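Taking it in order: structure first as structure tokens, then the write-up.
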């Protein structure tokens, strides 16, 4: 008891003396924020001191921004894929979803008013799945056409240079043009990935697998990621790298699915106020699974293979109705 009183008096002296260090050990259950005038004036941040054991030894300092409501970052928090079995919560959720569907049906889908909420949700899910398949196929076609057209221009120009330089003995210029036509597209795609959307690097399959299994990867399903991924595939193939569109198409399909199912775009800061009943992790996960399957189908021409990819390799959360929809 006497040691405790001495320790508490020591803490009071440290807190009242601003010249002492900010690395202040705290008593168990005692939470205190200490502020450095120099640090606060430059970066508007606080130094949060917390003890790591019961006697205050090994204390650490964590810098947080002023106004933060939580000390833990939610940037990499896991997605909520667990099914809630609370009957009261499920009943309340059904009532709120029914209200949202009724409000939306009055605006964009008035002919759905005569249907019950379950039927309306099923019809809207089928509609979103169809849109995902169509748009994913459209992106795959655009990528294929872009690769073919740019590659044809590249090799046609090189062929014409070879024909001209064969007699003039200037084939080294053809080699220089070949290096130029290979390096410039690859450099352009690399710049986009590094400075615009770093998450678009690689095939995209690992990050989509992580997302489907509950890992929240920042900006993995953003519109800018889709654009950088598509442009990067075109520039990489045109540049002569040993890559293809198969893996990136899975990522592209997942981004398209996430964007359509949520009815909004964070990149464009646009909220269309449609499909609001699908704006939760469970629904978004199912649509992203469908988008990944559509990407496989568009890349390989194998719709059944796309379903099996999402079922076996992608998602750990699955249901029978999702199989038939995809």
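Note: Cβ is positioned from N, Cα and C throughout, glycine not excepted.
It is 126-147, from the ranges 82-103, 104-125, 126-147, 148-169, that TrEMBL records as transmembrane segment. Transmembrane segment is the annotation TrEMBL gives to one range among 40-66, 175-201, 202-228, and that range is 175-201. Sequence-distant contacts of the transmembrane segment (126-147), counting only residues of its own chain at least 6 positions beyond either end whose CB sits under 8 Å from a CB of the stretch, comprise 226, 230, 233-234, 237-238, 245, 249, 252-253, 256-257, 260-261, 275, 278, 287, 290-291, 294-295, 297-299, 325-326.
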